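*Asks:* Take a look at this one; I'll ask things after.
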There are 2 protein chains.
Amino acid sequence: MPTFLDTAAPDFDARFSALLGQKREEAEDVDHAVAAIIADVRSRGDAAVIELTARFDRLTLTAETLAFSPAEIAAEIAKVTPEDRAALELAADRIRAYHLRQMPEDASWQEPTGATLGWRWTPVSAAGLYVPGGLASYPSSVLMNAIPAKVAGVKRLAVACPTPGGVVNPLVLLAAELAGVDVIYRIGGAQAIAALAYGTATIPAVDKITGPGNAYVAAAKRRVFGRVGIDMIAGPSEILVISDGSADPDWLALDLLSQAEHDQSAQSILITPDAAHARAVTAAVEKRLETLERREIAGASWRDFGAVIVTRDLHEAAALSNRVAPEHLELCVEDPEALSLEITHAGAIFLGAWTPEAIGDYVGGPNHVLPTARSARFSSGLSVMEFLKRTTLAKMTPEALRAIGPAAERLAISESLEAHGLSVRARLDRLNG
Amino acid sequence: MPTFLDTAAPDFDARFSALLGQKREEAEDVDHAVAAIIADVRSRGDAAVIELTARFDRLTLTAETLAFSPAEIAAEIAKVTPEDRAALELAADRIRAYHLRQMPEDASWQEPTGATLGWRWTPVSAAGLYVPGGLASYPSSVLMNAIPAKVAGVKRLAVACPTPGGVVNPLVLLAAELAGVDVIYRIGGAQAIAALAYGTATIPAVDKITGPGNAYVAAAKRRVFGRVGIDMIAGPSEILVISDGSADPDWLALDLLSQAEHDQSAQSILITPDAAHARAVTAAVEKRLETLERREIAGASWRDFGAVIVTRDLHEAAALSNRVAPEHLELCVEDPEALSLEITHAGAIFLGAWTPEAIGDYVGGPNHVLPTARSARFSSGLSVMEFLKRTTLAKMTPEALRAIGPAAERLAISESLEAHGLSVRARLDRLNG
């Protein structure tokens, strides 16, 4: 049974806080094993990567076959049906168009002092994208990670995707091609992260690594952070649906289940002021769970972490949503724009009942890599910004230095940093001398 | 002796790579102690913070005196000289003006399909700023961290600043006041980070923690990352000066020493095509080191990590600088704008010999919290962006869903995520039925 809460109940605050504090994932402690793998790849390079791939993925590679050849990629891609290709192309085009709009502007301006200030954005030179193998090998994730990198201007974009037993998902290779990926290595796990971060004879090091992965991949990303940049460490997915009762209960049930079917640690929450509607959606979830292919996973998620909350009104619903800071938020209400103005923390908002969250997973345009586990309080989804960095610019003239240099000198002295002060003073003396 | 390199020498590449790979800082392993402190603060709250402050800072506090009172702050600030106050105000005004320009724009647009897409920026609700105590208690760092937070719109900004033996730097309190800080706690170390991240009865939890600190603070920030957002973990500072030989060697010597005097792990590098100029700057450094107050620190830094590199031309100098990806880059050349276009990785660029790096530390306007240890390859200095997060927005109409929904359904099926596909299909069926 999911959790049922009513904000009018006397114990609501305690029970809602318990819901917020619920731990949905036991972090597997693989750090020791990962440290050893990284050390091995750093010291033995390709040989270590090849050995570990043989051990973990039952796949025999050589330095020459670490990467897919163009012919291999073409052969796999040829297996894709025209319908799947068209869908992936539509998604790629829309994701690209959305992310192009995110490109930030450079700036430069001159002050009355004569000083010129500004900044300039430049892309990361080389990035690596981790793509899980097996069941969680999602072509949509390839698009969502690779397209922002290429839009940002990353010159060399490498994909690492394990192919256990040599099996690869042709749609993953097509997604990489559509996104403009430069090279695809058939390696995975901590050894792939280590190879991308430190480089080997065959695999050049990158500057930034993004993409989802299992506990080993996550631990390896944490360990190489600093050596390279990484994206967030994603946790299990969440959806929160605020409904005023006007939408079809079955639609909302499917939206809640579309998170729940990802992972039994996923969380689906319905908040509505309409108690009868809450019961109708709950019944629709149970009904759909009878036949859903992934009913075991989705059912466990809904039973263990699902929640239905009845509120006094929609304002209270928005306030509770802000405390959750959900990854995905659907506003299935008559005036979603108005309610959205009350939302202060959410990874992505889907406005109105005609916008199922699944649209955002594939073809909406915005990124589907979003902050989980309440981190929308302080972080954003993946964007071109993760593949850009800003260099600040400052140029003084003699007059500008005369105007603001003495204040710098004084502050340097107050911080006992004499050379800082002298570097300004030597120039001011030239002006005065 | 600093390292002397010449790009024309046959062993240059190997020696430059060794310089890049040089380890300047031994990370002290305090993780075990920090984990215990965090656990203690999580379980015992204020009591733990008060005990740890008595032990580490020799200061007896109560829940009531954890924060400075307004009267205490006013009494300390009254000690600041008018000249120091004026300098700090000038710095605060300029930093605020620069960071106001960084505020990103919201976006919303309608597509031909009828779909509306966009994003909206919102501030982090509450942030904590760590300010080291003792010698490294820099009022300029308070401005550089606190002003971007307040410009971004952070409602509650808390400072944690240890006051060993009860001693506080009045300029730090004034800087906090000028920046609009809401509360100042006289606590430090891992216990301060734990209190900010998890909250106590007296100290409300924040969503984001920034600011420099010692090994304990850095380890604690790493540990609470995920629970809250953190800024980068800063390493020792660096400056790289590219000179065409036109600037006064003494100016450049002082600029190099202004990094070196921070920390004996700091690194100062001069790159120039003019070998005679390189010798002149080196001689000027030695001369200044005879009298500099912090000559022991600066001398050790210059001897152990300083480098002077003679190149064939300025293009080669820029290319080498990009391999270093320095935190601070001075372009002391005739046409710094032109050369700056060749720079792909640097935290901040100072254009022309009239722009000593120290201007950027205090009053230039751009932030002085910048990526160290070659991380300018993939990250940027502190800005308002660290205190904002982006929520993506999508709204479908029935017509828009008809246009792009089938592609989403097909991709969902290809990824074996049935409920995703059904959530789209149920709506499409309504349109068609």
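Backbone N, Cα and C atoms are what each Cβ position is placed from, and that goes for glycine too.
So TrEMBL has the following annotated:
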- B:TYR130, B:GLN191, B:ASN214: NAD(+) binding site (BINDING)
- B:SER237, B:GLN259, B:HIS262, B:HIS328, B:ASP361, B:GLU415, B:HIS420: substrate binding site (BINDING)
- B:GLN259, B:HIS262, B:ASP361, B:HIS420: Zn(2+) binding site (BINDING)
- B:GLU327: active site, proton acceptor (ACT_SITE)
- B:HIS328: active site, proton acceptor (ACT_SITE)
*Asks:* C-alpha of B:HIS420 (substrate binding site) to C-alpha of B:ASN214 (NAD(+) binding site): distance in Å?
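*Replies:* Counting only the Cα atoms, the answer is 48 Å.
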*Asks:* Compute the C-alpha separation of B:TYR130 (NAD(+) binding site) from B:SER237 (substrate binding site), stating it in Å without decimals.
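*Replies:* B:SER237 (substrate binding site) has its Cα 18 Å from the Cα of B:TYR130 (NAD(+) binding site).
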*Asks:* Going through the binding-site residues B:TYR130, B:GLN191, B:ASN214, B:SER237, B:HIS328 in order, which have a C-beta under 8 angstroms from some C-beta of chain A?
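*Replies:* It is none; no candidate comes close enough.
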*Asks:* Looking at substrate and its recorded binding residues B:SER237, B:GLN259, B:HIS262, B:HIS328, B:ASP361, B:GLU415, B:HIS420, figure out the farthest C-alpha pair and report it in angstrom, whole number.
*Replies:* 55
*Asks:* Which has the fewest other CB atoms in a 10 Å radius around its CB: B:HIS262, B:HIS328, the listed binding-site residues?
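*Replies:* Counting other Cβ atoms within 10 Å of each of the binding-site residues B:HIS262, B:HIS328 gives the minimum at B:HIS262.
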*Asks:* I need the CA-to-CA distance for B:SER237 (substrate binding site) versus B:GLU327 (active site, proton acceptor), whole Å please.
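*Replies:* Cα-Cα distance, B:SER237 (substrate binding site) to B:GLU327 (active site, proton acceptor): 7 Å.
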*Asks:* What is the separation, in Å, between the Cα atoms of B:GLU327 (active site, proton acceptor) and B:GLN259 (substrate binding site)?
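*Replies:* A Cα-Cα distance of 11 Å.
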*Asks:* Between B:ASN214 (NAD(+) binding site) and B:GLU415 (substrate binding site), how far is it from one CA atom to the other, in Å?
*Replies:* 47
*Asks:* Quick one: among the binding-site residues B:GLN191, B:ASN214, B:GLN259, which has the most Cβ atoms sitting within 10 Å of its own Cβ?
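*Replies:* That would be B:GLN259, with the highest Cβ count within 10 Å.
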*Asks:* What whole-number distance in angstrom separates the two most remote CA atoms of the NAD(+)-binding residues B:TYR130, B:GLN191, B:ASN214?
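*Replies:* Pairwise Cα check on B:TYR130, B:GLN191, B:ASN214 gives a maximum of 13 Å.
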*Asks:* For B:GLN191 (NAD(+) binding site), name the DSSP secondary structure in the helix/strand/coil scheme.
*Replies:* helix
*Asks:* Which of B:SER237, B:ASP361 has the fewest nearby Cβ atoms, counting only those within 10 Å, among these binding-site residues?
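*Replies:* The binding-site residues B:SER237, B:ASP361 were compared, and B:SER237 has the fewest Cβ atoms within 10 Å.
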*Asks:* In whole Å, how far is B:GLN191 (NAD(+) binding site) from B:GLN259 (substrate binding site) when you measure between their Cα atoms?
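*Replies:* A Cα-Cα distance of 30 Å.
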*Asks:* Give me the CA-CA distance between B:HIS328 (substrate binding site) and B:GLN191 (NAD(+) binding site), in Å, as a whole number.
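*Replies:* Distance between the two Cα atoms comes out at 32 Å.
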